Amino acid sequence: MNIWMTVLVLVVKAVVLALCVTLAVAVFLLFMRKFLAYFAYRVGPVKVGPWGVLQPIADVIKMLFKEDIMPEQADPLIYRLAPVIAFFCALGVWVVIPWAPRGSWWSSMADPNAGVLVILAIAAMGVYGTALGGWASQNKYGLLGSMRATAQMISYELAMAMSLLGVILMTGSVSMYDIVDAQRNMINLFPQFLGFLVFYIASLAEAGWTPFDLPESETELVAGYHTDYGGMRFGLFFLTELTHAVNSAVLSTTFFLGGYNPWFGLTMIPGFVWFLLKVILMVFVLYWIKCTFPRFRYDRLMVFGWKVLLPVAALNLVGTAIYVALWA
């Protein structure tokens, strides 16, 4: 009976998690449109529902009823699987995110001892959805876009992983809960500020967020690796990109802003609420970046990843190792 109850709880958590993430991404998209419109002196979505709040639902309905056209030269199986692989890899990161302290109903779905490694592994697997999507469509623009996305993800993932090594050294653990609990007195943003900058920039590049949205550069590649995708399959790729952007805010909150730990001694506010407030703060930073920075040139993007970000991450790791060895 206990085994079946455990399985039932996990299934319920998985369904609730998927619904919550999808809802969060829809809200993220709505506010992004409003924010971008405000910066461009426009009004944004206003037609669907009061103040345009139902616009994401209208977008989903529109994509669901669009005709699903597959190119004749495409590989049918891989063409259909690629967006699903990409989306579930983006969604899988949330399985080990500690939303609240251990024992809470809304705590993480899984609590592996090597949670950081699980996140890096799932993030690395997301490359397959992008690469296969561009290759399966047998379109030159899609193939070039997928090659760009794959090279970009692999390049910046090294810097992202190395920036987390400093956090792991200071915490002495690769468990997500241990990393969050170690920030009760002081968040990692201050001792690991260099690591935070590297991680945040690399996570934006992983997500293909501005100014790193080179894989779908409209002036060069039409729409990149999802040029030949339409309907809900295009919607899944679009949802994947937005989920990656939200993942960037969530992981930055967990690793560097203390996760569910309260700030300023305000312990009367639940940890789950603190977590959401910090994520919202990082999300608005994402909006601000998207409104402010132009797109990089592709060669400068790669040079920045290998010759700037990776050495800075290595320098941060060496400095952290010396500090831990001498004073910690």
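All residue numbers here begin at 1 and follow the chain in the order shown.
Cβ coordinates are placed from backbone N, Cα and C, and glycine is handled just like the others.
Features of the protein shown, as given by Swiss-Prot:
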| type | residues | note |
| --- | --- | --- |
| TRANSMEM | 11-31 | transmembrane segment |
| TRANSMEM | 81-101 | transmembrane segment |
| TRANSMEM | 116-136 | transmembrane segment |
| TRANSMEM | 154-174 | transmembrane segment |
| TRANSMEM | 189-209 | transmembrane segment |
| TRANSMEM | 235-257 | transmembrane segment |
| TRANSMEM | 269-289 | transmembrane segment |
| TRANSMEM | 308-328 | transmembrane segment |
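The recorded stretches the transmembrane segment (189-209) and the transmembrane segment (11-31) do not share 3+ CB pairs below 8 A when only pairs 6 or more apart in sequence are counted, and are therefore not in contact. Here the transmembrane segment (308-328) has long-range neighbours at 156, 158-159, 162-163, 165-166, 169-170, 191-192, 194-195, 197-198, 201-202, meaning same-chain residues at least 6 beyond its ends whose C-beta is under 8 angstroms from one of its own. Within the chain carrying the transmembrane segment (269-289), a Cβ under 8 angstroms from the stretch's Cβ atoms is held by residues 28, 31-32, 35-36, 99-101, 104, 106, 204, 209-211, 245-246, 248-250, 252-253, 257-263, all 6 or more beyond its ends. Remark: the transmembrane segment (81-101) makes no contact with the transmembrane segment (154-174), by the rule of 3 or more CB pairs under 8 A. When Cβ-Cβ distances under 8 Å to the transmembrane segment (154-174) are tallied for each of 11-31, 116-136, 235-257, the top count falls to 116-136.
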